[in-house]
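Novice: Have a look at the structure that comes next, please.
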Amino acid sequence: MDSSSRGIRFLVHRRALLLLLLVASSSLVGTSRGREAQPLPAAAATALGSRRSPERHGLALDFYARTCPAVDQIVANVTAAQYRDFPAAGPAVLRLFHHDCFVEGCDASILIAPTADAAAPARPPPPRVERDMEENRNLPQEAFDTVELAKAAVESKCPGIVSCADVLALAARDYVQLVGGPYYAVKKGRKDSKVSLAGKVRGSLPRANSTVDELLRVFAGKGLGAADLVALSGAHTVGFAHCVHVLGRIYDFRGTRRPDPVMDARLVKALRMSCPSSGGSARVVVPFDVSTPFQFDHAYYANLQARLGLLASDQALFLDARTRPLVQDLAANKTRFFQAFVASMDRMGSIRIKKGRKGEVRKVCSQHLFSA
Ligand SMILES: *[C@@H]1O[C@H](CO)[C@@H](O)[C@H](O)[C@H]1NC(C)=O
Ligand SMILES: *[C@@H]1O[C@H](CO)[C@@H](O)[C@H](O)[C@H]1NC(C)=O
Ligand SMILES: *[C@@H]1O[C@H](CO)[C@@H](O)[C@H](O)[C@H]1NC(C)=O
């Protein structure tokens with residue numbers, strides 16, 4: 001895959017990616033791919049608390065039916081054009097939506113732009129807004145640009161009506177479909193936050209090396225269960241991670257100076273070609289889904305079964321007895337993955353919705369309404 005022709009801003013080493021793809025396709029033959037996993041026992045699903053949904057906050061499919069009936073189409077026009085020019089914006093917008101919803105709810109608090117310190121412009125300012133935090137610093141600019149462009153298009157047709165939080169939810173849905181995933185209707189009616197605080201980020205997001213215990217705790221904190229964790233992790237069917245998140249696994253797993261014994265040795269080898277142990281470019285990225293990195297499908301789960309998960313937190317979902325049956329279930333059936341993903345996106349998109357005077361409808365997504 002030629003990274004430049006795909007418009008990917010990061011470097012994907014062509015030879016290494018080819019190797020990754022070879023590793024993936026050979027490993028999957030005769031393993032998980034062809035075989036159907038046992039269906040998940042209903043009792044297991046219930047025990048995992050997966051059907052517990054967060055509180056509903058009166059979101060509605062037709063929230064803008066009278067005030068901005070074409071909002072879905074206006075946003076879709078922009079996301080389609082952006083996807084043509086910057087395909088990497090797809091996974092990036094999905095990640096942006098996730099990072100927004102998991103910190104203080106789906107309220108566009110992630111979109112507020114950092115401000116320079118007027119008193120000491122030369123010094124890097126202390127973190128103030130969510131975007132200042134390390135967890136959010138490498139969110140690609142294309143993702144923010146897409147939301148800002150879509151919001152501008154919406155403002156030109158229905159000024160002051162549609163929140164940035166809703167525009168982000170719609171754009172994320174559009175990209176899922178554009179990369180080959182399911183189309184689903186998005187409920188609307190979120191207000192934008194009046195604050196964005198750096199201090200709210202820590203501990204709210206999964207990490208590349210999170211254990212399943214930690215992942216379950218973070219998700220439970222948002223009213224989401226194990227089924228949501230496994231279904232939403234399927235977003236790693238597309239997108240790329242920076243080398244820094246895999247270096248430990250491929251060179252020095254938990255201080256052993258050896259790779260993670262769980263990772264397929266051929267994947268270790270392929271990843272080492274892209275990611276040198278030191279001195280590598282900070283811009284190099286490697287695909288989460290080594291078999292079909294540009295296609296929204298359920299191959300991510302088959303990869304986990306074949307020990308081809310990229311991050312420790314991906315692979316852990318298959319290693320842990322609490323989540324393994326869920327991985328097997330989604331690996332076996334793409335339709336079930338799509339259904340589970342859509343249901344979990346709806347639940348994630350309902351986290352801590354701001355209504356009424358608790359929120360605002362921004363004009364420009366990176367600035368609070370009364371910031372000037
Ligand atoms: C979407 O784009 C098409 C083609 O550019 C245009 O004709 C149509 O009016 C646009 N629709 C909306 C709702 O903006
Ligand atoms: C994950 O990595 C961070 C540093 O990036 C470290 O502080 C933390 O202890 C690690 N967690 C686990 C479970 O290894
Ligand atoms: C996949 O799952 C869907 C939805 O649960 C079901 O209708 C379909 O029969 C399943 N397909 C296979 C091959 O099991």
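Any Cβ shown, glycine's included, is placed from N, Cα and C.
Automatic, uncurated: that is what TrEMBL annotation is.
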Novice: Among Cys68, Cys101, which cysteine is annotated in TrEMBL as forming a disulphide with Cys106?
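Specialist: So the cysteine that TrEMBL bonds to Cys106 would be Cys101.
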Novice: Need the cross-check against TrEMBL: the disulphide partner of Cys158, picked from Cys68, Cys164, Cys243.
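Specialist: Checking TrEMBL, the candidate bonded to Cys158 through a disulfide is Cys68.
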Novice: Among Thr115, Thr146, Thr211, Thr237, find me the residue TrEMBL lists at the same Ca(2+) 2 site as Asp289, Thr292, Asp297.
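Specialist: Among Thr115, Thr146, Thr211, Thr237, only Thr237 appears alongside Asp289, Thr292, Asp297 as Ca(2+) 2-binding in TrEMBL.
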Novice: Tell me which residues of the chain lie with their Cβ under 8 angstroms from that of Cys101 (disulfide bond), as long as they are six or more apart in sequence?
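Specialist: Lys222, Met348, Gly349, Ile351 - these are the non-local Cβ neighbours of Cys101 (disulfide bond), listed in sequence order.
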Novice: Would you mind listing, in sequence order, the residues at least six apart from Val103 (Ca(2+) 1 binding site) in the same chain with a Cβ closer than 8 Å to its Cβ?
Specialist: Ser109, Ile110, Glu130, Lys200, Val201, Ser204, Leu205
Novice: What is the one among the binding-site residues Gly105, Pro206 whose Cβ has the most other Cβ atoms less than or equal to 10 Å away?
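Specialist: The residue with the densest Cβ neighbourhood is Gly105.
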Novice: Using Cβ-Cβ distances, find the residues under 8 Å from Cys365 (disulfide bond) that belong to the same chain and are at least 6 apart in sequence, listing them in sequence order.
Specialist: Ala108, Leu111, Phe144, Val147, Glu148, Lys151, Cys164, Val167, Leu168, Asp192
Novice: For the Ca(2+) 2 site given as Thr237, Asp289, Thr292, Asp297, which other residues of the same chain have their Cβ within 8 Å of the site's Cβ centre?
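Specialist: For the Ca(2+) 2 site the neighbour list reads Val238, Ser291, Pro293, Phe294, Gln295, Phe296, His298, Ala299, Tyr300.
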